[in-house]
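A.B. asks: Here it is, the structure, as C-alpha cells.
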Amino acid sequence: MGRITLSKVNKTFGATTVIPGIDLEIENGEFVVFVGPSGCGKSTLLRLIAGLEDTSSGKISIDGRDVTGEAPAKRGLAMVFQSYALYPHMSVYNNIAFPLKMAGTDKAVIDAKVRDAARILNLTNYLERRPGQLSGGQRQRVAIGRAIVRAPSAFLFDEPLSNLDAALRGTMRLEISELHQKLGTTMIYVTHDQVEAMTMADKIVVLQAGNIEQVGSPMDLYNRPANLFVAGFIGSPRMNLATGAAAERYGAHTVGIRPEHLKLSTAEGVWTGTVGVAEHLGSDTFLHVDVKDIGAMTVRAPGETALRHGDTVYLTPEESRLHRFDKSGLAVR
Amino acid sequence: MARAVSTRRKVVFTILAWSVALLLFFPILYTVITSVKTEGEAISGFSLIPSFTFENYVEVQTQRDYWRPFTNSVVLSLLSTFVALVIAVPAAWAMAFSPTPRTKDILMWMLSTKMMPAVAVLVPIYLLFRDWGLLDTRTGLTFMLTMINLPIVVWMLYTYFREIPGEILEAARMDGATLWGEIAYVLTPMAIPGIASTMLLNIILAWNESFWTIRLTTTNSAPLTAFIASFSSPQGLFWAKLSAASTLAIAPILIMGWFSQKQLVRGLTFGAVK
Ligand SMILES: Nc1ncnc2c1ncn2[C@@H]1O[C@H](COP(=O)(O)OP(=O)(O)OP(=O)(O)O)[C@@H](O)[C@H]1O
Ligand SMILES: [Mg+2]
C-alpha cells in the first residue's frame, strides 16, 4: 500500500521559506509527477516525503500512519537519485542487495530477489561489474533495481533521466512507465520536463515557488489550466497568449490559444500576421508568426506546408478551445 | 601546417618537461654518483664519472651505526603518521560531513600555522622540550612530527571526504543503513584510498623532516636526517661519505615511494560514480 497524505507541510531553511504550506493527497498505485521550473521546491518536497529533510511544520502520513518524525528507512519508501548514488566500490549485485542486507534478509532470499530484479531490468549479465563500468542507462537501472528489491510502498524519483541523452531518455521513460504498470506501486516522480510529466503521469502536480498551482490529470491540465502559469507551462510549444483589445473581444483580460488550435488561412481570419521562422519537424511544421497588434504566435501547420518566410497569413482561434483569464491570471470558465 | 606546428610544440614541450624533471632529479643523481667516488675525486670538481668504489658505504657504516637512526626514522614516521591519522580522520570527517559556518575559518587557521617559519618557535619549543625531558626522546619527536604535519593531514583528508557525494550517504540512509552500517559499508570503503594516500604522503614528509629532528635530538632518538647531518660537521667535510650517508638515508623512502606510486595516484584520482 502507498497512500501518502501531506497536510500543511511547510519547510524553511533558516530565514527562507521554500515551501509555505502544501496539502496533497496521493492515492495508492498512482503515478504522480511533480513538475515546475527550477528552484520551485520539487526536490525539497520529495525529500520531505522521503524523510531526508525534516518538515518545519505540518504532517506527512503514509497509509494513515503519521511518519513526520520518522527516519527515512522506517517509512518504507525507496528513492532513485538524479546522480544514481550507486555505491562505487560494490558490484551491481551488491548494490542491489544492499537494502536487503541492511534489513538482515536471509542470503538465499536476497539472491532470489536480486536475480529477479536483474531479470526485470535486463541487468543479469552485468551483476559482477562495478557501477563505473556501466553506461548511464544501465546505472539508472541498477538504481531502480536497488529500489525494487525492497518492495517499497512507494517509489520516489528525483529527475532520474536528466543525465541521459535524449534517445535513452525516451526509452527509460517507457521502461519506468511499464514498471509502474507491472508493479502497480505508487510512484512520485520529479521533473522539470513537461513532456515527461504529460507522458508518464496519472496525476500532475504543478509547483511554483513552493506552492501548488494545479493538480490534475495530464489532459485536465492541458484542456483546463487553472491559471496563466499552468497554461504557459504545460504543452509544447507553449500556449499563445494575447492581451488588450484582442482579448477584450472575447471578454477576458488575457486569452490563450494553443498552436494546434489556430486555424491557418491565406485568405481570411481574425488575426493577420507575417510568417517568420518555420520549424519543420517532419510530421508538423511550427510557424512563428508575427501577428499585428499582438506579437509573436506559434501555429501548427501540416508537415508539408507551402508557407514561407515573409508570407502573409490569417489566423482564427477555435473558440471552444480558447482559454480566458482574468486580470489576476486565473482562468475564467 | 597546423599539424606541423603542433608536432613541433609537442617536441618542445617534451624536451622542456624532461629538462625540468632532470633538473629536479639531478641533485639526487649527483649525490648517488658522488657516493661512489673516492674522497679525492669528490673534491676535485664537477665530474659525472666516478670510480665506482663502495668504500664510502663501508666506512659510513663502520664509523657510525646506521641501523639505529634507520630504526628511529621508521618508528618516528610510522608512529607520527598513525597518531596524526587517529586525530585527523574524525576531525576531517566532522568538517566534511557536518560543516558549520566556521569550518572554513578553522581550516584556514590550521593551514596558516604552516606559513610561519619554524625558527620562530624554535626557542620556546626547545625550552619546553628541555623542561619536560623530551629532548632526544622518541616520544617527544613523535609528538613534534605529528603536530607539524597534522594541518596537512587534516586538509588532505577533508578534501578526500568532501569528494564523497552526500547523495550516496542519503541513499544508504534510505536503504536502511544505521549510522554504523553507513560508516562500515559505505563511508569507510570509499574513504580508504584517500586515507591510504594521505598516510603515504605523511610518512614521506615525516621521514624527510630535518629541521626539528636535527635540533631536538642528539643520539638516542636521532633519525636518518640527523645521521646525514653528522657527516657534515665534525672532521671537516667529506663529500663522498656525506653522499653515501644521504643515499642510505633516502633509499628506503624512494623505494617505498616507487612501490606505492600506484596507490598514491589512485588516491588522488578516486572519484565517485556520476
Ligand atoms: N539546504 C538548503 N538551504 C537553503 N536553501 C535551500 C536548501 N535546499 C534548497 N534550498 C532552496 O530551496 C529552493 C527549492 O530548491 P529545490 O532543490 O527543491 O528546487 P527544485 O525544484 O528541485 O529545482 P531543480 O529543478 O533545479 O532541481 C531553492 O530556491 C533552493 O535555493
Ligand atoms: Mg531538484
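Glycine residues also receive a Cβ, built from the backbone N, Cα and C atoms like all the rest.
Sharing the feature lines straight out of TrEMBL:
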| type | residues | note |
| --- | --- | --- |
| DOMAIN | B:70-260 | domain 'ABC transmembrane type-1' |
| TRANSMEM | B:12-33 | transmembrane segment |
| TRANSMEM | B:74-94 | transmembrane segment |
| TRANSMEM | B:106-129 | transmembrane segment |
| TRANSMEM | B:141-161 | transmembrane segment |
| TRANSMEM | B:182-207 | transmembrane segment |
| TRANSMEM | B:238-259 | transmembrane segment |
A.B. asks: What same-chain residues lie close to the transmembrane segment (B:106-129): Cβ under 8 Å, and 6 or more beyond its ends?
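C.D. replies: Distant contacts of the transmembrane segment (B:106-129): 95, 135, 140, 144, 148, 150-152, 154-155, 158, 211-212, 215-216.
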A.B. asks: For the transmembrane segment (B:141-161), which recorded stretch in the set B:12-33, B:74-94, B:182-207, B:238-259 gives the largest number of Cβ pairs separated by under 8 Å?
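C.D. replies: Looking at each of B:12-33, B:74-94, B:182-207, B:238-259 in turn, the most contacts to the transmembrane segment (B:141-161) are made by B:74-94.
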A.B. asks: Considering only Cβ pairs under 8 Å, which range in B:12-33, B:182-207, B:238-259 makes the most contacts with the transmembrane segment (B:74-94)?
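C.D. replies: Counting Cβ pairs under 8 Å, the winner is B:182-207.
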A.B. asks: Sequence-remote contacts (6 or more beyond its ends) of the transmembrane segment (B:238-259), Cβ cut-off under 8 Å?
C.D. replies: 28, 31-32, 34-39, 41-43, 56-57, 59-60, 63-64, 66, 69-70, 73-74, 200, 203-204, 207-208, 224-225, 227-228, 230-232
A.B. asks: Report, as numbers and ranges, every residue of the chain located at least six residues beyond the transmembrane segment (B:12-33) whose Cβ falls under 8 Å of a Cβ in that stretch; write 'none' if there are none.
C.D. replies: 48, 50, 243, 246-247, 250
